[in-house]
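A.B. asks: Pulled from Swiss-Prot, these are the listed features:
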- Glu84: active site (ACT_SITE)
- Ser10, His11, Ala48: NAD(+) binding site (BINDING)
- 313-362: coiled coil (COILED)
- 256-268: compositional bias 'Basic and acidic residues' (COMPBIAS)
- 307-359: compositional bias 'Basic and acidic residues' (COMPBIAS)
- 420-459: repeat 'WD 1' (REPEAT)
- 465-504: repeat 'WD 2' (REPEAT)
- 510-549: repeat 'WD 3' (REPEAT)
- 192-211: transmembrane segment (TRANSMEM)
Amino acid sequence: MRYDAFISYSHAADGALAPAVQRGLQRLARRWHRPRALEVFRDQTGLAVSHALWSSIKVALDQSEFFVLLASPEAAASPWVNQEIEHWLSRHSVDRLLPVVTSGEWVWDADAGDVDLERSTAVPPALRGVFGEEPRHLDLRWARAEHELDLRHGRFRDAIAELAAGMHGMSKEDLDGEDVIRHRQMLRMRRGALAVVCALLLLVAGTAVAWRNARGEVTATNVALQRQRAATAAEQHRTEEAADQARSQQQIVEAEQQRAQKAAEEARGQQAVAEAEQQRALRAAGEARRQEGIAAAEQRRAQKAAAEARRQRGVADAEKAKANRAAAEAERQRKIAADEQRKAHEAAAEAERQREEAVKQQRIAIGRRLLGQAGEARDRDPRTAIQLGIAARHIYPGPQSQAGLVETLVRTHYAGTVTGHTAVVSAVALSGDGRTLVTDGLDGTVMVWDPTDRAAPRRLAQLTSSTAPVYTVALSGDGRTLVTGSEDGTAMVWDLTDRAAPRRLAQLTGHTDVVDAVALSGDGRTLATGSFDGTAMVWDVTDRAAPRRLAQLTDHTAPVTAVALSGDGRTLATGSDDHTAMVWDLTDRAAPRRLAQLTGHTAGVDAVALSGDGRTLATGSYDGTAMLWDLTDRAAPRRLAQLTGHTAQVYTVALSRDGRTLATGSEDHTAMVWDLTDRAAPRRLAQLTGHTDAVDAVALSGDGRTLATAASITRRCCGM
């Protein structure tokens with residue numbers, strides 16, 4: 001048997017909708033003499049009892065012209081539906097696959113040229129990659145109520161017409177017109193049949209009346225004959241004229257009798273016709289009753305299917321409820337296990353914390369004893385005192401041991417002094433490894449020192465290539481590159497690979513006044529300079545012999561007296577006599593971007609320093625204070641603390657690479673060392689009082705263990 005369409009669907013999702021679609025396709029535009037407009041296969045109506053279910057379905061698929069897919073999440077997950085699609089596509093064109101979405105989502109990915117299976121919950125996996133372009137699908141997600149699943153419902157009838165149009169080989173509008181014509185023909189035929197029946201009934205009644213009239217005429221004729229015979233017998237004696245008249249009258253009567261007989265025969269023929277029409281009417285009525293019986297049977301099947309669908313939904317809901325209960329119980333057990341595991345971890349963590357606390361207290365006690373012994377041995381055996389202080393700091397590297405070690409160092413003769421400049425020493429710099437110290441003076445000289453023996457630093461070289469006073473110096477992290485800034489507005493780049501024989505690589509020009517500040521990034525690729533001309537400049541020194549100026553910063557309104565770069569070179573800080581410091585983004589070094597302006601000092605900002613990670617900024621000012629700033633959000637710096645230990649201008653600040661130690665130098669002839677473990681509450685560790693003049697410069701080695709300070713004439717180097 002050939003089918004016009006095969007319906008593939010999920011019983012759980014569309015047990016009621018699938019029969020309604022089948023009935024609609026079979027009835028829409030049906031001719032009066034045919035039981036169905038289309039032959040539609042659906043598993044519950046098209047299959048007989050068989051031992052080979054899939055084989056029967058395959059036969060139906062092969063004999064079907066169109067494949068109607070009722071797409072839903074349940075159908076997408078059904079192995080039967082996917083198997084039916086795969087078999088259909090192996091033997092038919094995808095053009096004859098008609099998708100009808102009954103629930104879920106059907107989403108087309110225009111970029112991929114395929115159905116979006118991630119967002120399409122109603123699309124079976126078997127349809128991946130089969131469509132050459134976006135298919136037109138019918139949306140029946142609204143059709144759920146019983147009254148919506150009937151051709152008398154306008155929207156449902158319209159949807160069925162759209163689905164059936166292609167199967168009939170005509171447009172939807174033509175199919176609508178055809179259905180209207182068929183409906184009107186059926187009404188006309190019903191009315192005609194009723195009229196014929198009524199006419200037949202009237203004809204039968206008329207024939208019966210005619211037959212009765214004919215019988216009356218025959219009777220009357222017989223009476224007339226009898227009377228005629230009597231008259232003839234009685235009046236035989238009448239004249240020939242009367243006899244002729246009688247014969248003539250007899251002929252007339254015989255003619256009337258013949259007409260009556262013909263009328264009777266015609267009445268009998270009409271009665272036979274009426275009886276035949278009555279039989280046809282009875283057969284038509286029987287066919288009508290049979291059709292009503294078929295309709296009633298279809299309705300009963302539909303009701304049974306709906307009841308079965310409701311039962312299946314009930315079973316599915318019950319299974320879902322059981323699954324939900326099982327999932328809830330599994331989740332409860334998981335939470336119990338997780339809680340027990342958390343308690344076990346907490347107990348283990350508490351035990352570990354108590355053990356660590358015991359070890360910590362033991363280290364603190366040992367460290368305190370060692371610091372006490374160091375204090376006792378400070379005068380009689382300085383070397384032993386320092387060793388004890390170092391041991392105490394190693395055992396417990398806390399603020400107390402750090403302060404004790406610093407105090408021991410500054411109170412012994414192991415703080416070294418270097419001399420040699422004939423004018424004010426304006427700057428000092430230490431390499432990251434603490435092996436190279438550079439000092440500069442207003443006498444125009446720059447000296448290179450080896451501070452390995454901090455008690456007796458050794459001078460390695462003296463740079464005298466400039467006759468102008470040198471105001472500032474900076475060393476790269478590896479100690480191989482030195483930059484100096486001079487009164488004549490120039491900066492110079494030096495190669496210290498051989499520290500005993502420094503070699504000048506380049507001279508930088510561009511400033512129009514004293515270069516008072518220089519700084520190198522951690523990777524040695526970026527140089528920043530600041531000048532009394534009110535500008536700062538950014539240079540590329542990747543090629544040290546041929547530096548390139550990248551940008552000039554002109555936002556300050558007074559001399560730029562301090563610059564500092566973060567370890568990664570992405571952050572620049574500048575300080576100025578305009579009482580402000582500024583933070584710059586150097587991600588694009590050729591186009592620096594100002595992120596923030598820091599205010600708070602009441603006099604010129606003469607010193608800035610950045611920690612290695614760029615999160616901490618220190619500023620020093622002529623107002624006698626130093627300030628700490630949090631640059632975690634560089635666009636919104638936050639002031640952490642104000643350091644007020646000095647009694648005069650703060651000329652210089654230096655931060656260790658880890659940002660935990662700060663050194664400051666002041667006009668009050670002292671340098672101070674601060675513990676920044678808690679940046680919001682800095683703690684002064686030591687005050688260094690060995691200088692007899694203003695401390696113009698301080699420098700910390702990368703590991704924070706060596707501090708160099710410079711006063712107007714002397715330089716000191718001490719261990720930390």
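Glycine residues also receive a Cβ, built from the backbone N, Cα and C atoms like all the rest.
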A.B. asks: For each of Ser10, His11, Glu84, count the other CB atoms within 10 A of its CB; which of these recorded positions has the top count?
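C.D. replies: When each Cβ's neighbours within 10 Å are tallied, Glu84 tops the list.
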A.B. asks: Round to the nearest Å and give the CA-to-CA distance linking Glu84 (active site) with Ser10 (NAD(+) binding site).
C.D. replies: 12
A.B. asks: Just give the helix, strand and coil counts over the compositional bias 'Basic and acidic residues' (307-359), going by DSSP.
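C.D. replies: Its residues fall into 53 helix, 0 strand, 0 coil.
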A.B. asks: How would DSSP class Ser10 (NAD(+) binding site) in three states?
C.D. replies: coil
A.B. asks: To what whole number does the mean pLDDT across the repeat 'WD 1' (420-459) round?
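C.D. replies: That region's mean pLDDT is 78.
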